[in-house]
Amino acid sequence: MNGVFLAIGALLPICLAGGALLGYAAVRFRVQGDPVAEQVNALLPQTQCGQCGYPGCKPYAEAIAAGDKINKCPPGGEATIRALADLLDLEPEPLDAAEETPPRVAYIREAECIGCTKCIQACPVDAIVGAARLMHTVIADECTGCDLCLEPCPVDCIEMREIPDDVRHWKWPQPSPRLIASDRERAA
């Protein structure tokens, strides 16, 4: 029993000194980040897809904090653009896609899937479920359409399909910017 107390007595001062040293180092050598970039990064979807032209969400957040446009994130969509506009006190802008494409989700042709799990490892939002050497499937509500699962698939059994319009993601058209007759009378 004395050996246990002796070991505790010997290790306790070493642990306390190590903890104090780590605490001091954390305060002394702290890396100051941009708080605006951290807040912007928290709003981005963290898919690391690169569709915005940056290698990941953190570099894009830093670019937004430095003044870049807030409308380059297709997986985040309009909800992210509105949240960023509210945070930065900017006007929301329409999504700046290279070409206007409808929302898409990944679809795995399960009969062709060999269960290699490479698509699961590539998916940044864990929208693909399955096990090794068994078929995989995509949870459509979780998929952001980032296309990162397509390239690693060795049998090309993954395709991107357009999401059909329904009430959950249908967008109302913007009203016409022209004045209506009653507004013209008041303006005159």
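Each Cβ is built from the backbone N, Cα and C atoms, and glycine gets one as well.
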**Request:** Among C116, C123, indicate the single residue that Swiss-Prot lists for the [4Fe-4S] cluster 3 site containing C143, C146, C149.
**Result:** C123
**Prompt:** Under the DSSP assignment, what numbers of helix, strand and coil residues are found in the region 'Hydrophobic' (1-26)?
**Reply:** 25 helix, 0 strand, 1 coil
**Asked** What is the interatomic distance between the Cα atoms of C123 ([4Fe-4S] cluster 3 binding site) and C49 ([4Fe-4S] cluster 1 binding site), given in whole Å?
**Response** 9
**Prompt:** To what whole number does the mean pLDDT across the domain '4Fe-4S ferredoxin-type 1' (104-133) round?
**Reply:** 93
**Message:** Looking at the binding-site residues listed here (C113, C116, C146, C153), whose Cα lies nearest to that of C49 ([4Fe-4S] cluster 1 binding site)?
**Reply:** C146
**Cβ-centroid neighbourhood (8 Å) of the [4Fe-4S] cluster 3 site, C123, C143, C146, C149 excluded** = T47, A106, C119, A122, P124, V125, A127, I128, V138, T144, G145, D147, L148
